[in-house]
Amino acid sequence: MANVVVVGAQWGDEGKGKIVDWLSERADVIARFQGGHNAGHTLVIDGKVYKLSLLPSGIVRPGKLSVIGNGVVLDPWHLVQEIAKLRADGVEISPQSLMIAENAVLILPLHGELDRARESQNSVAKIGTTGRGIGPAYEDKVGRRAIRVADLADEATLALRVDRLMVHHDALRRGLGIEPVDREALLAQLREIAPQVLPYAKPVWKVMNEMRKAGKRILFEGAQGALLDIDFGTYPYVTSSNVIAGQAATGTGIGPGAIGFVLGIVKAYTTRVGEGPFPAELQDADGERLGERGREFGTVTGRKRRCGWFDAVLVRQTCATSGVSGIALTKLDVLDGFETLKICVGYELDGERLDHLPIAADQQARCTPIFEELEGWSESTAGARSWADLPGAAVKYVRRIEELIQCPVALLSTSPERDDTILVTDPFED
């Protein structure tokens, strides 16, 4: 029996929520290990739509333990709102079904204020953040001045942490023309929210290791995508955490030996939200068609996603950096009706052909795609649950992707409904 890590293998929005929900039915524990409430996921269960951005996808399934690991930065006010919204939808949430790492870092109102002020004043190179304070919270974590969940339990410690934080943030705020932090107001907000968060606080590393020893199935749920990884993404147009599969161990404290199968989620075409290089981007009728058919708008921000053809170069790269065992290919049905499809198989940079995306931002921006054309199909793939249900051209398209990315397809998703899935390899089997 293998524990499974699910990671996005593009720029996020690959359909991880559906796949995680599909797998979570057989998992005992579903753990998030990085990111914040900046990456949303949509679940469709029995015709009912759930939109989550912080809580693990398993939270909507009774009898499962959902975990927010130490690698996550936690906005406690958003947490309480998301819990309340799900409860209103009939989802039961208690400390028996939700556990938060005691050493998870808190996102405070001052982090969002700093995030938005920087982005609004940065006319040279906007990063395209969601403005929710994720980046500044990670900065404070690395700078050893963050407030963590456990700090909420002791008022004296909390006051010391706030004072240390203010030394840094007030200096930044002066430079940006923002009023200083209101110390007493912040402390009052934290005291008020503490009783609503602390019941869920646990030593996640300990519980997770105990679960592993007891033979429980663990599903690690990544947010965003590997091309937004702070080290291996299109820097600086990235998120502020490691997104690749190795972070599942670091972000929960369970150790890399616990990971048995890495499932990379890959859309049958490519999308990106916000700024940054996108070699295979389409700024024509085909790009508009992909966006309309795929309903490419962000779950959290509502921002329109940029669309392009499938980029095999990037996915091959992310499969390598995450050690992907197999991919789940999603949204194949969006390609129904295209007479011709294209796959990016390489880049040209200054007259030279490349088989990978260079690390330097200026070179990334100058890369032009080299496309391979494939025959499209007119039949519908929506709702297909076996290879026999797929048009021959669609099967050829999937097989060509496998060849180019040097990684097999483990799952194929053909609609937002969780059961419209073709299983090739069961990630939970050893």
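The backbone N, Cα and C atoms fix where each Cβ goes, and this holds for glycine too.
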Report the candidate from Thr157, Thr234, Thr239, Thr318 that shares the IMP site with Asp13, Glu14, Gly15, Lys16, Asn38, Ala39, Gly40, His41, Thr130, Arg144, Gln224, Arg303, as recorded in Swiss-Prot.
Thr239
What's the CA to CA span in angstrom from Gly12 (GTP binding site) over to Gln224 (IMP binding site)?
4
Spatially, and counting Cα to Cα, which of the recorded positions is closest to Thr130 (IMP binding site)? Options: His41, Gly302, Thr414.
Gly302
Of the binding-site residues Asp13, Lys18, Arg305, Thr414, which one sits closest to Asn38 (IMP binding site) when you measure Cα to Cα?
Asp13
Three-class DSSP assignment, Gly40 (Mg(2+) binding site), comes back as coil
Please give me the CB contact count at 10 A for Arg305 (substrate binding site), counting all chains in the structure.
19
Thr42, Gly302, Lys304, Leu332, Thr414 filtered to the binding-site residues whose C-alpha is within 10 Å of Gln224 (IMP binding site):
none
